[in-house]
Structure formats: C-alpha cells, structure tokens
C-alpha cells in the first residue's frame, strides 16, 4: 500500500521515507550535532558530519602520506599509484581501478538509474550523485570559498572555483597545448581532435560526444521541458535556456563588448558580435569559399547552391528553404501572436515587432553625451555619437579601407562591393544578377515562365500567393479588419501600417539623431540624410539610387512592369501614386 504526503500528494512505499519527506515541508531538523550545534533532517547526514570533528583517518598511504578513514578507500587509492585497472567493461573495453567505478560505468550503457530521490522522484546512476542532489533540496553548501564566501555542493567545484580568482589554467590539451581552467573543458575540447561520438540516440540515431548533450537531445523526442520560469510559467529543455530567459524579465544584459560598449543578455550573442570588430569569418562555404560570421548564415547560403525550397505552406503553396521560416509564415494564416508585451499585454506575431514596441515604453534616455548633453536609450548609440565629436571612424571596410563612424553605414557601404558579385544566374539566357529580386524581375521577360494566370483579367503572376492577393481586387474582398475603427483592408501589411494611425506608435528609432518613424522603410529612407552614398546601382544601366525601393521602381522602366491595376477599368500603372491619382476619377463619378 502506498503512503501519500498530505501536503504535496507524493507517494511512498515505506513509512520512514514519508516521515523523512515531511521534514522537507516543515523544515524540521531533529538531528543535532552535540559539538557545534548544526542540525540535520536525516541521521545519515549527521553521522557523516561527525567526521568533520573527529578527523579519524588511521589508514595512511606510504607513497604520498594521504590519510583515509577506511581501509577500502586506501586500497582503491593505491591503484592511482600503480596505474592498475583490473576491472574491464565487457561492452566497450574501458578499464577501472575499482569495482564500483565499473558498476557506475555499466549504467551509461543500460541507462539504469537505481538511486531515486524520494523528494522529487528524480533518478541517478550513482549513490554519490543522489547524495549531492539532496543538498539542492536542503540548500546545503558545505564547501565555502574563503576569498568570496561562495558555497558549493561538491569539493571539486570549490577547487575549480578557486581558479577564477587565480586565473590559473592547469589543464592542457596534449595535442595542441591549449590551456583550460576546468578539466571537463579540456575533455570536451579534446573531442574536437578525435571527433569521437559514442553516445547514440535510440530514436533517431544522432550521435553525441557528451552524455549530457544526448540527455538534452532526448527531450526533443519526449517533449520534456523540466525547467519552468516561475514568473511566466514558460518551460525549457535546458537550465541554461531558462537562465537566459530570466534576463527577458529583468532586462539585464551582463555581457558587454569591450570595443564599442554594446551589451548582450547571453555570452554567445557577445561572441557573435565581437566578430564584427575582428572581421573574423570562421564559417567557409566549401563550394565557393565565401566566408560568414555565423554558422546559421553559412547554412542559409548553401541553399543558393542547391536552389531547393523543401518546406511548402499547405495553405498558399509558398515555399521556404528552412522549416523555421515556414513555421513563422504559418502565423499569418493562424493569426497567432505568441509574443506578448509584459507591460501592456499587446501581442505580436514576430519577436522583432515586440522588441521594437518596447521602445514606446522606454522614454528615459539614461546615456548622456558629456559634450553636447544629447541623450540616448542605449550605451552603444552614445559611443557611436561620440565619434561625431572626435571624428573617429572605428568601422573600416576590409576591402577598400574606407572608414565609417557607424556600423550601419559600413553595412550599407559593403553592399557596393557585394553588388559586383553576380551569383544569381538565369537558366534560360545566362544573364547574371547581384540580387535575387533582380533575377526574379528578369524572369518576367521570359513569357513561358509566368505560371499563375488570373481567370478574370488574364494577368500573369510568378507566385500563387501574389495571384491570391491580386484576386481580391476583383472580388472586393477585404478580410483584414481593424479592431479599432472596423476599417477593412485587402492586405495584412496594409492593416499593420493602418494601426499606426491609431496608436501614433513609432517604434523605429534613428540611432544617429533619435528621430522616430512608424515604418522601417521610412527609417531606412531617412538614413540617407546622414549618409550621402548611392548604394543601389541598376544592373542594366548602372544608374545608382539611395534606396532599394527607388531602384526597384526604376527597374520597372526596363521590364515595363505595371503591377498596380485599377479594378474599375483594368488600366495598369507602374507607380502606386499614379494609380491613386487615377482612382480618384472613378470616385468622383460615384453619386
């Protein structure tokens, strides 16, 4: 018969385990040390604690003079001097100095966890791991650092912690001599030389070099998310992900770039950012040798060579290279808005929209220029602003050495170099273009490539989704309704722009002069006032433009494309403003 705890409902097979468990709720510690008065919930913990006072270690190693409380411990220690490992694993031939070590190792093959915590029912492969786990429940950290006072559950963690004070790195890789502060770090690094992955997932066959990585991976199959945020109840597969998530609530960004002062909530974000200053691009395409700052950029780039979009939306047939892009796209159909502002509860479809929205709540400009007293929301913007006074230009182009005071200006300048590379080729006439959208515009010159035809007016489209949008001009369908004024609009992006007329929200901020805009396109166009560079040249006539939208508008003079069609008389126009002017003729005729 199982015995249930009347506080939390947890069940136990033995009464003594239930009695012990109740101490966890009551905080009762009936076992008191008569020497120092320290109290414990369990008698076994008091017995172990007594050894701190008695220090009875009668068994001495005659090689290193190390002392032990038990003969068995001395015998096991002796094998560290002789190097003898008499206990071999029959499954992988790994050898151990003692039988208990072999038993522990066997459990890595069987995945057996016989030692179960009766407080939370978590299983462990060794008794020592269970013992150290108990300390998490009672918050016992007996190993204290005498420099900073920080406590640890295990002694080896205290020893490792001491290295943070001394900056010592005693563990060296015997292949490349790289030094590390912790032993597990050198072990993990060593696998980059051996590429040994002995832990295999039974569900999908994926291999891992670390058992901890396999354990985390398994949660993908079980959908287990054991780490829950106590503020918003969101769950995560890894503790590290939960810790990073907490920074969303606190707004803390503890990792600061020592070059420009920009701060980040996680160390990986800082490491990625540092490459902007060093120019290091460690991820190289083995097809064309193009290098990238991040591995994700390289993966995305590979798709240019394969030209395969494997993930197709079953609603509108739009195809994507990545599964993640398809999942994000689905939100347009499902109207899902998973990103909620914790200040005003406004919901957004995309995380970037939420981050931009946060600026409407933050009115304080904490970072002030000591020269002209101008205020900024972020420290990195203040540092960029200082460059205007010092005339410093820390962002240099690694191709032509031209320097800029802002990173945004350098990015725009880099486009002028990348435009010379024409990697998008037409498979019909061998024409090459520097950008994908130029290639798409060029495809329209090949009549047989136009696949989707409007059965009302005969207009041809390259994409089915564009045909769907066009069809609304005939049906007068306006499915996107403003929940403020009930105005209906044909396109979702039109509704999004319309919302700003009610909220007066201007989430896009110029980091040079702090001017705000309701749309990103307006902000991009505004940047031209700070940088006079015409970065967008036409591939056909070499005329250059300040913005991409101006270039695309110009391209229509070559392709003769007229995408703006009047639904009253079927007249078409190359510019939207011309269409708007024309449409007023029909409005004036209406009674």
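One is the number of the first residue shown, and numbering goes on along the chain from there.
Cβ coordinates are placed from backbone N, Cα and C, and glycine is handled just like the others.
What TrEMBL annotates here:
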- 3-30: domain 'C2H2-type' (DOMAIN)
- 59-86: domain 'C2H2-type' (DOMAIN)
- 143-170: domain 'C2H2-type' (DOMAIN)
- 171-198: domain 'C2H2-type' (DOMAIN)
- 199-226: domain 'C2H2-type' (DOMAIN)
- 283-310: domain 'C2H2-type' (DOMAIN)
- 311-338: domain 'C2H2-type' (DOMAIN)
- 339-366: domain 'C2H2-type' (DOMAIN)
- 395-422: domain 'C2H2-type' (DOMAIN)
- 424-451: domain 'C2H2-type' (DOMAIN)
- 508-535: domain 'C2H2-type' (DOMAIN)
- 564-591: domain 'C2H2-type' (DOMAIN)
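Using a Cβ-Cβ cut-off under 8 Å and counting only residues 6 or more beyond its ends in the same chain, the domain 'C2H2-type' (143-170) has close neighbours at 132, 135-136, 179-183. Counting residues per DSSP class in helix, strand and coil order gives 12 helix, 4 strand, 12 coil for the domain 'C2H2-type' (59-86). Residues 300, 303, 347-350, 463-465, 468, 492 of the same chain lie 6 or more positions beyond the ends of the domain 'C2H2-type' (311-338) yet place their CB under 8 Å from a CB of it. Counting residues of the domain 'C2H2-type' (199-226) by DSSP class, helix then strand then coil, yields 12 helix, 4 strand, 12 coil. Within the same chain, residues 457, 459, 470, 473-474, 476, 553, 556-557 sit at least 6 positions outside the domain 'C2H2-type' (564-591) and bring their C-beta atoms closer than 8 Å to a C-beta of that stretch. With helix defined as DSSP H, G or I and strand as E or B, the domain 'C2H2-type' (283-310) counts 12 helix, 4 strand, 12 coil. Secondary structure by DSSP for the domain 'C2H2-type' (171-198): 12 helix, 4 strand, 12 coil.
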